[in-house]
Protein chains: 2
Amino acid sequence: MRVLGIDPGLTRCGVGVVEGVPGRLGKLVAYQVVRSEPDEDIAHRLLHLDRTLAELVERYQPDSVAVERVFSQHNARTVMGTAQASGVAILAGARAGLPVQTYTPSEVKAAVTGSGTADKAQVTAMVTRLLRLAAPPKPADAADAIAIAICHIWRGGTRAKIEAAAARRSNR
Amino acid sequence: MRVLGIDPGLTRCGVGVVEGVPGRLGKLVAYQVVRSEPDEDIAHRLLHLDRTLAELVERYQPDSVAVERVFSQHNARTVMGTAQASGVAILAGARAGLPVQTYTPSEVKAAVTGSGTADKAQVTAMVTRLLRLAAPPKPADAADAIAIAICHIWRGGTRAKIEAAAARRSNR
């Protein structure tokens with residue numbers, strides 16, 4: 001299963017593509033950070049993000065898209081832009097006909113480090129280890145996006161198993 | 001000048017199309033409220049909004065798009081969805097190659113009622129008067145979107161005059 005993970009942001013939006021199956025170490029396919037300038041027009045910034053995400057979906061052909069959920073307790077000055085970027089990110093997956101799942105930051109942290117309150121360094125360290133990378137992903141903004149993709153692969157597996165079990169039960 | 005005004009929202013997104021020139025009473029072309037259910041998947045809700053806005057832009061061929069700005073002091077439970085919807089609304093205009101402008105709620109209220117702290121009833125009353133409608137727009141959610149379009153026409157006119165004056169000055 002190939003997942004495109006997105007850590008939404010307007011100035012920096014992390015994107016990570018990971019291939020894997022639940023319970024195994026995955027493989028990093030690609031990652032990048034989509035940038036735009038804070039003094040640019042909001043319409044241009046969102047359009048640039050939309051186009052770049054559409055290109056990445058087209059290039060890497062993921063099976064699904066996973067996006068980190070945005071909460072209002074984040075930095076209030078930037079949270080509206082982050083939420084707008086997350087809307088565009090979710091839409092990019094939906095427009096391509098892909099299933100889109102969102103995860104809270106603590107779900108992502110718990111999936112890769114075992115703790116929902118892990119810090120950025122821990123997440124980066126675990127992403128590096130779980131994907132057997134020679135060095136931590138650079139820029140560091142991409143590590144979160146990669147962690148979101150890993151989270152989706154592992155959680156998706158659990159979910160798929162639960163659904164399969166439920167289907168078997170109801171078929172009896 | 002024909003303007004498509006958008007009052008962004010996930011459950012209800014108001015859209016109003018107004019034709020007019022600065023300083024004159026305008027003409028209401030169309031309005032509607034794009035709805036989605038709170039228990040629906042966020043990806044489907046944003047995709048539905050995106051498609052409907054694209055259709056409306058295609059059908060009414062506005063010269064520009066005006067979107068109300070979202071602030072974090074709004075209802076915290078719904079503000080993230082509203083911000084995501086605003087990202088999709090701004091993107092809808094940008095994708096169509098149209099200029100997109102955002103206005104604060106108080107700019108919109110001040111433009112149609114003269115007061116930046118006017119209430120919803122006052123805005124609806126003035127929209128009805130300024131566009132010489134036989135009755136207030138229904139559902140009321142659409143009144144704000146219509147007010148945003150009126151705001152853009154009037155403010156756009158001022159801006160265009162200032163820019164023209166500045167251009168004349170720099171050409172001397």
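Cβ from N, Cα, C; glycine included.
Taken straight from TrEMBL:
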type	residues	note
BINDING	A:Asp7, A:Asp141	Mg(2+) 1 binding site
ACT_SITE	A:Asp7	active site
BINDING	A:Glu68	Mg(2+) 2 binding site
ACT_SITE	A:Glu68	active site
ACT_SITE	A:Asp141	active site
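Location within the structure of each feature annotated in TrEMBL.
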residue	record	DSSP (3 states)
A:Asp7	Mg(2+) 1 binding site	strand
A:Glu68	Mg(2+) 2 binding site	strand
A:Asp141	Mg(2+) 1 binding site	helix
Just counting, how many other CB atoms are there within 10 A of the CB of A:Asp141 (Mg(2+) 1 binding site)?
21
Taking every protein chain in this structure into account, which of the binding-site residues A:Asp7, A:Glu68 has the most other Cβ atoms within 10 Å of its Cβ?
A:Asp7
Distance between the residue listed as 'Mg(2+) 2 binding site' and A:Asp141 (Mg(2+) 1 binding site) at the Cα atoms, whole Å?
13
